[in-house]
């Protein structure tokens, strides 16, 4: 059978299932696909097909993630589900699977557990704007008061981490019963997807964001000027636009006098394009790898920030020993390494391999960073951790 063509005119949203181990994240993912397949909006997936998630690499870190896609009447979704807790942590911190929203799965039989809290905190730190709650295994908890209690607990937990606990939709259901085709519980999947459709905001498309290109290479074309090459991370750029060169040195302005991609000249480049940008009045020595070209005023160079990081385990190629206060590794942002010093959070004595925690970083030279910027932590050329900037200090 030919792969189903998805309707690209629908709004596209990236979501994922999060929550404590064995609360039913993968079963719910399978139930959503199987239910929507009946409506022609997905390919039915069995639990095992999702659970044997393939390995992928992001920022030098191996992560197991299952990707499924489906559509409702209003939207097209890419949905991620991770088999293990560590995969979630790595996924969220590296941004390997971008999440515009999440479905938090909580078993009514257990209530919120440690990983429930951790996933909510991580979602907050990495900027997931909203989530919908699926109270699972309600077929096993017939006492409505017990379900009410768990729901109240989840709402309070969401509020304590800065989400809108009062207005977050909470759907009570049974992923397993829905997957088995029980109509009563299938209706709950319908209710869940209606909530996801309405409550999780449609993200701003990358092309509508302010222009940014990470500089990979710089060359001179005799008689024409300096050409900067790299991938357009977001936004669009047109001929004769003004850009700023940000990071490492003082910020400078330049005018775009030419653009090309795959040896063809263009009038416009947009998010996702690998392009060469010709800049007027800029010397070869004025630009270097690691800087960015950006829409004027849209991003500033910073040296100090707070971040949420994950330290690789020894088996993942990470360090064998803990990191102490004052540790000075390289921080790899976009296309370059910059040395920086780590200050641990109050009360934290060390970071052990496999931990995820909050740190403060002071770089030796300023880099174009903003809240949500992703980076790798490297030592002697190998990746020992990954992080997300959660707050810029200076």
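Numbers here mean position along the shown chain, with the first residue as 1.
Cβ from N, Cα, C; glycine included.
If you take every residue in the domain 'tr-type G' (10-204) and average the pLDDT, you get 91. Annotated domain 'tr-type G' per Swiss-Prot: 10-204, in sequence order.
The region 'G1' feature in Swiss-Prot is assigned to 19-26.
The GTP binding site feature in Swiss-Prot is assigned to 19-26, 81-85, 136-139; the stated evidence is sequence analysis. All protein chains considered, the CB of residue 85 (GTP binding site) has 14 other CB atoms within 10 Å.
When other Cβ atoms within 10 Å of the Cβ of residue 26 (Mg(2+) binding site) are tallied across all protein chains shown, the result is 23. The feature Mg(2+) binding site is assigned by Swiss-Prot to 26.
Nonlocal intrachain contacts for the region 'G2' (60-64), taken as residues 6+ away from its ends with a CB within less than 8 angstroms of a stretch CB, comprise 53-54, 82-84, 87, 90-91, 94, 96, 310, 312, 316-317, 376, 378, 382-383, 386. Per Swiss-Prot, the feature region 'G2' maps to 60-64.
Residues or ranges marked as region 'G3' in Swiss-Prot: 81-84.
Residues or ranges marked as region 'G4' in Swiss-Prot: 136-139. Long-range neighbours of the region 'G4' (136-139) within the same chain, counting only residues 6 or more positions beyond its ends whose Cβ lies under 8 Å from a Cβ of the stretch, are 23-24, 27-28, 105-109, 147, 172-177, 185.
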Within-chain partners of the region 'G3' (81-84) [C-beta distance under 8 Å, separation at least 6 from its ends]: 16-17, 21, 25-26, 29, 50-51, 53, 63-66, 68, 91
Integer Å distance between the CA atoms belonging to residue 26 (Mg(2+) binding site) and residue 138 (GTP binding site): 16
Local backbone state of residue 85 (GTP binding site), from DSSP in three classes: helix
DSSP residue counts for the region 'G4' (136-139), split into helix, strand and coil: 0 helix, 1 strand, 3 coil
